[in-house]
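Undergrad: The structure that follows is given in the form of structure tokens.
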Amino acid sequence: MTTMNISTLRLDSNPITTSTKSTTHRSGALGYNGSYSCRLLQFQKKNKAPSIIVCSTKPLASVVEHQGVNDSGLTRIESLSQVSGVLGCQWGDEGKGKLVDILAKHFDIVARCQGGANAGHTIYNSEGKKFALHLVPSGILNEETICVIGNGVVVHLPGLFKEIDNLESNGVSCQGRILVSDRAHLLFDFHQEVDGLREAELAKSFIGTTKRGIGPCYSSKVIRNGIRVSDLRHMDTFPQQLDLLLSDAASRFQGFNYGRDMLKEEVERYKKFAERLEPFITDTVHFMNDAISQKKKILVEGGQATMLDIDFGTYPFVTSSSPSAGGICTGLGIAPRVVGDLVGVVKAYTTRVGSGPFPTEIMGKGGDLLRFAGQEFGTTTGRPRRCGWLDIVALRFCCQINGFASLNLTKLDVLSDLSEIQLGVTYRHPDGSTLNSFPSDIRLLEQIKVEYEVMPGWQSDISSVRKYSDLPKAAREYVERIEELVGVPVHYIGVGPGRDALIYK
């Protein structure tokens with residue numbers, strides 16, 4: 001197998017920026033002369049429509065004003081509103097958990113509002129111990145923080161208890177600190193089995209589910225035969241509810257074998273689960289609104305990301321909930337007027353797990369190189385993530401939907417060895433006309449041409465940098481160009497996986 005050194009990559013000679021099929025140079029020699037040379041490349045990516053790379057001019061001074069910069073970040077964090085949120089701006093895996101973990105010590109409550117165990121957040125404690133959380137909010141490592149699992153979350157109890165056991169065995173106290181909504185729906189093992197059966201049925205239009213049972217559980221919720229956490233308090237009627245749910249699955253999927261022994265075993269399991277869960281069960285709607293009245297500070301931790309939103313994402317290659325701003329209110333039972341600052345988390349490049357449109361994807365060895373440099377493998381599934389350049393069109397769309405007050409740009413350090421970096425700034429129809437917004441039509445997304453700006457890399461290690469002014473000039477220009485293109489300031493910049501590897505801007 002041929003090895004590649006990321007530090008030797010150049011736009012004109014490596015698969016991270018050129019086609020494996022053909023490349024046609026349109027405007028002379030490639031390369032920088034200190035003032036951003038103009039050039040035009042046209043290349044094919046597998047069977048996709050050709051993408052276009054245009055010259056970038058010298059970055060203008062950002063139209064975004066930056067005020068109140070504090071090296072410690074304390075002023076920046078404490079200025080966040082009473083109810084703030086951290087949401088993903090891409091297709092998930094942006095690094096939301098790290099920011100939530102850092103912010104949590106300044107908030108009384110951290111809450112999950114949607115999704116389930118398909119949301120994988122990796123965080124590290126002060127000793128560098130790694131925790132992969134799927135249901136428990138990332139604020140759990142901060143001893144004084146209360147963690148809420150809201151009504152919009154679907155809860156797999158075996159998975160939840162496994163996370164709690166792992167945390168407590170590593171010295172993290174969970175008793176009295178995790179509150180589970182009595183309105184949250186229960187996700188059963190059979191939901192996971194059904195998820196796999198349904199995926200097999202749809203093999204020709206493979207969506208790429210995590211097979212965690214999220215879709216089937218939300219389906220049960222919507223058709224109104226789901227079972228909620230509060231139902232565990234009524235074990236006299238629980239068997240009938242579960243029988244209805246299992247019978248429905250058996251009638252729908254021939255491969256699902258359901259018998260009375262299964263029902264009996266599940267009922268006995270859930271009697272024990274109910275007893276263990278009881279101390280955690282809470283009317284979280286009342287709890288949250290009471291906390292707001294008491295001026296408690298609340299941080300909402302979004303799962304997945306806006307581009308996976310059931311309404312606004314690349315449907316049907318999406319999740320089954322609303323991981324955008326609207327999901328905060330419906331998933332926690334709080335009023336829109338109380339929601340304040342929302343921070344959007346976005347990688348310095350783009351990744352996606354599973355199938356679906358990905359306009360700025362880098363194909364071949366170039367994508368592999370970026371994947372290994374960024375260790376892009378799913379927290380939940382372990383699957384390799386598809387990698388590509390930062391998609392400004394999609395990011396701007398996410399900023400419009402969510403009304404972000406600021407952005408957290410993560411993994412800037414992963415790009416450190418590249419000689420040149422690209423930003424996907426414009427989508428064009430196959431006929432060359434410009435798309436004015438992010439399209440809902442996935443067929444069109446597969447055909448569009450992406451117009452890129454090319455910027456110089458900084459080719460130096462920035463993982464130890466903690467002040468924005470100490471970043472290389474090219475790195476600062478990259479950050480400021482993103483701000484200029486989307487109209488939202490970048491307040492946090494990730495330069496490594498550790499808690500301290502964060503620049504406050």
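Cβ from N, Cα, C; glycine included.
Below, the features straight out of Swiss-Prot:
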TRANSIT   1-60  transit peptide
BINDING   92-98, 120-122, Arg385, 411-413, 494-496  GTP binding site
BINDING   Asp93, Glu94, Gly95, Lys96, Asn118, Ala119, Gly120, His121, Thr210, Arg224, Gln304, Thr319, Arg383  IMP binding site
BINDING   Asp93, Gly120  Mg(2+) binding site
ACT_SITE  Asp93  active site, proton acceptor
ACT_SITE  His121  active site, proton donor
BINDING   Thr379, Thr380, Thr381, Gly382, Arg383, Pro384, Arg385  substrate binding site
Undergrad: Rank the binding-site residues Gly92, Gly382 by the number of other Cβ atoms within 10 Å of each Cβ and report the first-ranked residue.
TA: Gly92
Undergrad: Measuring C-alpha to C-alpha, could you say which of the binding-site residues Asp93, Gly95, Asn118, Gly120, Gln304, Val495 are within 10 Å of Arg385 (substrate binding site)?
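TA: The binding-site residues close to Arg385 (substrate binding site) (Cα within 10 Å), listed in sequence order, are Asp93.
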Undergrad: Tell me the coarse DSSP state (helix, strand, coil) of Asn118 (IMP binding site).
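TA: Once the DSSP labels are grouped into three classes, Asn118 (IMP binding site) ends up as coil.
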Undergrad: List, in sequence order, the same-chain residues at least six positions removed whose CB sits under 8 Å from that of Pro384 (substrate binding site)?
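TA: Those within reach of Pro384 (substrate binding site), by Cβ under 8 Å and sequence separation of 6 or more, are Arg371, Glu376, Phe377, Gly378.
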Undergrad: Which whole-number value in Å describes the distance between the Cα atoms of Arg383 (IMP binding site) and Gly92 (GTP binding site)?
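TA: Their Cα atoms are separated by 13 Å.
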Undergrad: Measuring Cα to Cα, how many Å separate Gly92 (GTP binding site) from Gly382 (substrate binding site)?
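TA: If we compare the Cα positions of Gly92 (GTP binding site) and Gly382 (substrate binding site), the gap is 14 Å.
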Undergrad: I'd like to know which of the recorded positions His121, Gly382, Leu412, Val495 sit within 10 A of Asp93 (IMP binding site) at the Cα level.
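TA: Checking each Cα against Asp93 (IMP binding site), the hits are His121.
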Undergrad: Tell me whether Lys98 (GTP binding site) sits in a helix, a strand or coil according to DSSP.
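TA: Looking at the DSSP assignment, Lys98 (GTP binding site) belongs to a helix.
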Undergrad: Taking DSSP three-state, what's Leu412 (GTP binding site) in: helix, strand or coil?
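TA: In three-state terms, Leu412 (GTP binding site) counts as helix.
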Undergrad: Would you mind checking how many other C-beta atoms are within 10 angstroms of the C-beta on Asn118 (IMP binding site)?
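TA: Excluding its own Cβ, the number within 10 Å is 28.
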Undergrad: Tell me, how many other CB atoms lie within 10 A of the CB of Gln304 (IMP binding site), whichever protein chain they belong to?
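TA: Cβ-Cβ neighbours of Gln304 (IMP binding site) within 10 Å number 32.
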Undergrad: List the same-chain residues at least 6 positions away in sequence whose Cβ sits under 8 Å from the Cβ of Val495 (GTP binding site), in sequence order, or say none.
TA: Leu412, Asp413, Ile462, Ser463, Ser464, Val465, Ala501, Leu502, Ile503
Undergrad: Should any of the recorded positions Asn118, His121, Gly382 have a Cα within 10 Å of the Cα of Gly95 (GTP binding site), which are they?
TA: His121
Undergrad: Could you work out which of the recorded positions (Lys98, His121, Arg383, Arg385) has its C-beta surrounded by the smallest number of other C-beta atoms within 10 A?
TA: Arg383
Undergrad: Give me the CA-CA distance between Thr122 (GTP binding site) and Gly382 (substrate binding site), in Å, as a whole number.
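TA: Here the two Cα atoms lie 12 Å apart.
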